[in-house]
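Dumping the structure here so I can ask a few things about it.
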């Protein structure tokens, strides 16, 4: 039994590590290419209210879990999108993707799905907007403000030719003219260079995620969460944020909790916290965030999770 569990955990580690590695490299290349080839693609995310809504919609149409969201989030930051707008994507992508919404609709009905969607959109908009006037240099690690990172994000060729370089208004990002020929090899090398910096965090994060996913019995969580009533909503969020819950398992876990007698408000709080944040994700974000920004992110996810839990109670669902 134990040997089978270990083999299954190793298999999950390899699959998840390969999946996240491919996402980091391919998405970093894609966003950098779009920024270099079509300058207005990234500049469209300027600092106004519509940009936050664009980021939320972008998050809603990318069916990523909390860890899988990070490659695109990192690429947005390195290509000059403001931290607060990037945060709108980071928060919305794992919580508003079509897989979760469809499964919520099928499993819990239209009322809960609509309440959930409206609450998350409003909460993400307001929480990310709160970061609008924050100084990014105090919240992000130095690599996002280095010329080397900016150059690699736009895939400008490092030659000695005196071709002019235009500095975009969005920070950190340099690009040559629209006619710049983008080399696949140079884009790949730039992405691999960034990937190598992230690799230790990725290995540790995936390892912890697999341990949590394969070795924590669901029955223990059910017995813990079903006996605390309203305080259980807060406790569920605190427990969920330490776990790693894949998108495809969120609703089945929720249905299992319902069958075990766990209140729906507690279940929603647990699933939002577990889906919106996880210990492996925090380890990956530590490669980009300073410690206080990491705490801000955790507080935001907890606020959304606890808020939706109490909303379910108030609506009598």
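Backbone N, Cα and C define each Cβ position, glycine as well.
The transmembrane segment feature in TrEMBL is assigned to 12-35, 55-77, 89-108, 114-131, 198-216, 228-245, 252-273, 293-315.
I'd like to know what surrounds each of these features in this structure.
Proximity of distant same-chain residues to the transmembrane segment (89-108), defined by a Cβ-Cβ separation under 8 Å and at least 6 residues beyond the stretch ends, is recorded for 55-56, 58-66, 69-70, 72-73, 76, 116-117, 120-121, 124, 127-128, 247-248, 250-251, 254-255, 264, 272, 275-276, 297, 300-301, 304, 317.
Remote same-chain partners of the transmembrane segment (114-131), defined as residues 6 or more beyond its termini with a Cβ less than 8 Å from a stretch Cβ, comprise 49, 52-53, 55-56, 59, 83-85, 87-88, 91-92, 95-96, 101, 104, 268, 272, 296, 300, 303-304, 307-308, 311-312, 315, 317.
Residues 95, 107-108, 112, 116, 120, 218, 221-222, 225-226, 228-230, 232-241, 245, 301-302, 304-306, 308-310, 312-313, 317 of the same chain lie 6 or more positions beyond the ends of the transmembrane segment (252-273) yet place their CB under 8 Å from a CB of it.
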